[in-house]
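Asks: One structure, pasted below without further comment.
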Amino acid sequence: MNKLELTLALMKPHLVKNPIALQTIRNKIIASNFKIVRSGRKMLNQEDAEKFYEEHKGKFFYNRLLTSMLSGPLEIYVLAREEAIRYWRQLMGPTKVYKAQFDDPSSIRGEFGLSDTRNATHGSDSPESAIREIKILLPDFDFNKWNKDEKIYFENNKVTFNSNQFIHQIDYK
Ligand code: CDP
Ligand code: MG
């Protein structure tokens, strides 16, 4: 596998409350040849939510966005594949729910979005955003270790999928 890229995928709180939807999305992730480098569930706090969405501060939807992101736990996935950012955003579909339902009804947001705010999932929009966002959500993620020691195992497919934990684990041998 060439040019493995990382992206941050978040399952937003309303989706985490729907186990069937969550499983459907997990299946789509696997079917789209992503590797799951990290996987976890966590409640965001106000400070991190503000940092995460700082580019949207002052917009009309900012308060309702924060309220919805703080309404329950998120599922957090660090996904890897070539062009991970573009492919994950393609799987998600358009940001706005009516556009998603109309233009791309089988996309994640087309299928599971409830409103422009509760639009099921998040995906980074550039490599710089992915790094910034992973640092906020998973402060222990070690980018040096990933680049130096871990990435090569994923590139050479020396990983095993653990479906219970929804993660690919490195086959150190
Ligand atoms: O998430 P994405 O990158 O597709 O869209 P964004 O423009 O970066 O907006 C971030 C989030 O703000 C969206 O995912 C929505 O949850 C929310 N939003 C909203 O509530 N109302 C809008 N009109 C636009 C975005
Ligand atoms: Mg965005």
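Using N, Cα and C of the backbone, Cβ positions are placed for all residues, glycine too.
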Asks: Have a look through K12, K17, K158 and flag the one TrEMBL assigns to the ATP site that F61, R89, T95, R109, N119 belong to.
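Replies: It is K12, as the record lists it for that site.
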Asks: Consider each pair of residues in K12, F61, R89, T95, R109, N119, all listed by the record as binding ATP, and report the largest Cα separation in Å as a whole number.
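Replies: Max span of the ATP binding residues, Cα based, is 21 Å.
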Asks: Just to verify: the residue among K12, R89, R109 with the fewest other Cβ atoms within 10 Å, which of the binding-site residues is it?
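Replies: Counting other Cβ atoms within 10 Å of each of the binding-site residues K12, R89, R109, the minimum falls on R89.
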Asks: Which of the three DSSP states, helix, strand or coil, fits R109 (ATP binding site)?
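Replies: R109 (ATP binding site) sits in a helix per DSSP.
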Asks: With an 8 Å cut-off on Cβ-Cβ distance and a minimum sequence separation of at least 6, pull the same-chain contacts of F61 (ATP binding site), or say none.
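Replies: Correct list: D116, T117.
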Asks: Among the binding-site residues listed here, T95, N119, which has the most company in the form of other Cβ atoms within 10 Å of its Cβ?
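Replies: Highest number of other Cβ atoms within 10 Å: N119.
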